[in-house]
Amino acid sequence: MLTDTKRSRNAKVTPVDGLSVTWTKGLWKERTDTCAQATVPQLQHMFESKEISHVLENFRICAGESEGDFDGTVFGDGDFYKWMEAAIYTAAKNNDEKMLEQIDAYIELIKKAQLPDGYLSTKQIIGERSQNGVTRMGDINDFEVYNFGHLFTAACLHKRLTGKDSFLKIAVKTADYLEGMYADALEKGEVQTAVCPSHYMGLVEMYRTTGEERYLKLAEQAISLRDSVKEGMDDNQDRIPLRKHEKIIGHAVRANYLYAGVADLCLEEEDEELKEVLHKVWRSLVDKKLYLTGGCGALYNGTSPYGNFFVDQKVHQAYGYEYQLPNITAYNETCASLGGVFWAYRMFQMEPEAEYFDVLERMMLNTNLAALSMDGKRFFYENMLRRTKTLDYELIWPRTRSEYILSYCCPPNLARTIAQSSEYAYLTSKDALWVGMYGASRAEITLENGAVFTVHQETEYPYDGKITFTFETANRTGFSMMLRIPGWADNGRIQTGGKQIVLTRENAGSYYEIRIEDPQHTEICLELEMPVRYTVANTMVEETAGQAAVERGPLVYCCETADVSVESLDDLYLDPEGHTELTAQQIEGRTVTAIELDGYCVNREDYNRNALYQTLRQTGMEKVKIRMIPYFAWDNRKFGEMRIWFPILAKIQKTKETISLKEKKIVVLDDDPTGVQTVHDVPVYTDWKMDSLQQAFSEESNMFFILTNSRSFSKEETKHVHETIAKRLHQISQNCGKEFFLISRGDSTLRGHYPLETEVLRETLEKLGEVKVDGEILCPFFLEGGRVTIDNVHYVKEGNILIPTGMTEFAKDQSFGYQSSDLTEYVEEKTNGRYKKEDCITISLEELRAGDINGITGKLMSAHDFQKIIVNATTYEELQVFVQAFVKAAEAGKQFLARTAASFPKVLGGISDKPLLKKEELVEDTKNGGIVLIGSHVKKTTLQLEALKQSEKELCFLEFHAEAWKQKDGLTQEARRVREEAERCIRLGKTAVIYTSRTLQMPDTEDKDQILAVSVAISEAVTSIIGNLEIKPRFIVAKGGITSSDVGTKALGVKRAQVLGQIKKGIPVWRTGAESKFPGMPYIIFPGNVGEVTTLKEIVEELV
């Protein structure tokens, strides 16, 4: 394993043992195979070559096997040790005996090169022998301690994977030499900081491998010595003491190695001050200096932006100012990003937060994989984000990959990291398996609690977000599976054990725990939705102002001239509102997922791309298709331009302007008062007399609600009411010349008189208007209440679990019960087979998320004979796409009715969001107490009542005994008793909480109308309590659909109310009209099936 933290006192999670995880297919399998088959041999050839690198020849000269002078780079020893790591891991993984023998031979060579005192650096050893003036530790830029550090980590890995100690013995001698060297330096006061401090990580790993605590103390001493350096440099992060670091500065590789080493120390020792330094500097990187691709270090060369203004300090390969992130000249050394991976990995072990692996994965999949060609033989030292055909100035490194570059630190560093990439797949805690990087794999896991199992991960990630886990074990010990929900994953779901758990933006960037008690029979399917994302940078990043980048899942995408027919990529503009399509593409014989999207190209004669400035013109823009490929796959074809960031050209319109139904009045028939859960500043009428409807049509609002309260009616009453309303609306429409669109607002849990209400409306309007209704929109999506539709199945969200509605208590409603959760089957069930499931038109989430307005419009245009149109939706953004298509079809002449929950009217009416109402907007200026009336009997209401009973506020709980319906005048007498007690409480300034008995004894009959009649009688008796109040309460809350309707219309006598907004999501507030019992009073309508367990308690306590 890369870091053995199983005994580290501050490690909350630890890596899985070395070779127990194997990539089985997909991108990581492909890249590790290429690394083993091409990259490792290629690098071995480079190190063996006297003419190219001279590295192994230097070792042979030191060992006395060759003669000559030192040649090559001073850090070549350390680069070779990095290659050794890659070779050791690859050989152990693939049981490559030939390579393992070669490694043994190299170890013997290194042993012969090492001096008796443990010193091991080929330049100095050769220099001392030739007396050419080269001395030990004479120049920090000779990288001696850097070389030592990579020796330590390679030797520790060799010991762990092979069990041999031949390499480790060499490392021990060198570490012992280093210990003496530090002691001597301290005694003489000759302290200097080593550059690229790989030895911090290396020494801590030596401690973990050998158990020798002196190596941990040596690491601590080496880090502490930084603060004793005189005339330090920002480039080396030693100008100011380490414990005062707050910003990421200087040479990016040195910085990331430094903080990775400090994190290693913090994993072993308690040091809150150093941990706080790590947090501050991490935030400086991630929030202000990290490239979208995970690249680190913007500058080739420059001056430190910090420190003494009068003494300039040169920096190179370094971080710049905050938000200084150029694209063409981006340096982004590969080793810096790899150092970021090492740092993030150690931080995660100390604090298992998803952000660390999000950043690690961003670095690995984008910058790090981009640094290696698809054939595994060419390398980037630096990683730009934009390449032009020509450049007016020279950069240090070539603008394409090379097989060999003089500064050869990055290729072996990259090789070892890719070879060891399966180490990043899983980590463990005492009784949990944590997923790091996703990828198809097999892993043998042993947990501290005794659980032993094999986990299989099946996925096409990072191209597809579906990830399935299955388990093999003879051990029934339970454990937790910790699933990383990446920060980019706004939507998704987890399916396991017959349950579906919805993932929303709130889950993004966190871990989700799934408890497993029977692994052998458990399957977990995580589906992370991967829409194409248009990403914009902070406005302080001047380089990308007015531009967007394209991402999908964890991958950043770019465009190359090889994939578009334009003279220059600089002529292209993105259209974020355009169509996107995924397509498979072959690059160097390997398949990647590309994206084709809509954009524009400048096609104008007077356009001069070489001009420094020119006039902005909106003409001459030709619509084109732009193909984007994963950034890691670029520069594998002919030399050409590449861009990640593109300017944006899109027509952005306000939602209200985009989807308005022009001059039509939107009329919502509400079967109980809760339908206004999502709107504000719209009128509600509680009767449908001609003068009331005429007044409603004349109001400025483009929408009004009619509270029919039909859920409390019999079928005959419902039919009569809807027929009457339809006739009157038609007559008024004819008289005033204003068309209308009807929405039958029903319950989001599918209860109510369906399909009766919409069928009566259709039949009536068709007879009156001689126009056929083509389709019926079915959209029970209601975000605020946790009601979503996925793959035509309608769900109720409880906590984070999605429960199909057919499995809820709502489906067992005595009056409006049903069986089907699939809306196509629900239609067939409720219409008794008159409308078949296969005849339904379905609008899928995929169509909505792709923004396929034209395709959806086409489906709507095909509707005929009142065909049912099922709308899937989980977010308002998806619903807005549908409504735009719906409006296009309606304006093209198609006729529709809608049966929806509360979210659809909000979007169609262009209702904006409004802050939740405050206490001062909801209570009357009186010392009297308030009144809360609870009639609903759904489980959620009962739980909310129990939570309210735990309140410490002064509340009077009064039970209304509903079984009184069995006695003559029983309900009237019970209502009088409760009202008198409530009035006493209210006069004392206390709030009366009245609730009906939680167990209802209904008539023993299958006659639904008779059952409904008893329910109505109980509701009327309960609401008469408020209707007969002789004192004005401070506030009124009614809980339950029928209850709140009766309180509003019968008890308070409201004819017209104005919707003020919501006190909590999905809980509306009316302002009563002048005609009501308490004029102008806010009235809170609390649906029975909305809110969390504590929501009622929170509302009452706020109002009290």
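Placed from the backbone N, Cα and C atoms, the Cβ positions cover glycine too.
Automated prediction, rather than curation, is the source of TrEMBL annotations.
If you look up TrEMBL, you'll see 20-422 marked as domain 'Non-reducing end beta-L-arabinofuranosidase-like GH127 catalytic'.
Taken from TrEMBL, the feature domain 'Non-reducing end beta-L-arabinofuranosidase-like GH127 middle' covers 433-530.
Model confidence over the domain 'Non-reducing end beta-L-arabinofuranosidase-like GH127 C-terminal' (532-647) stands at 92, taken as the mean pLDDT rounded to a whole number. Marked as domain 'Non-reducing end beta-L-arabinofuranosidase-like GH127 C-terminal' by TrEMBL: 532-647.
What TrEMBL records for 666-906 is domain 'Four-carbon acid sugar kinase N-terminal'.
TrEMBL lists 932-1096 with the feature domain 'Four-carbon acid sugar kinase nucleotide binding'.
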With the greatest number of Cβ pairs under 8 Å to the domain 'Non-reducing end beta-L-arabinofuranosidase-like GH127 catalytic' (20-422), the stretch among 433-530, 532-647, 666-906, 932-1096 is 532-647
Secondary structure of the domain 'Non-reducing end beta-L-arabinofuranosidase-like GH127 C-terminal' (532-647) by DSSP, residue by residue, totals 12 helix, 54 strand, 50 coil
Taking DSSP helix as H, G and I and strand as E and B, the domain 'Non-reducing end beta-L-arabinofuranosidase-like GH127 middle' (433-530) has 3 helix, 54 strand, 41 coil
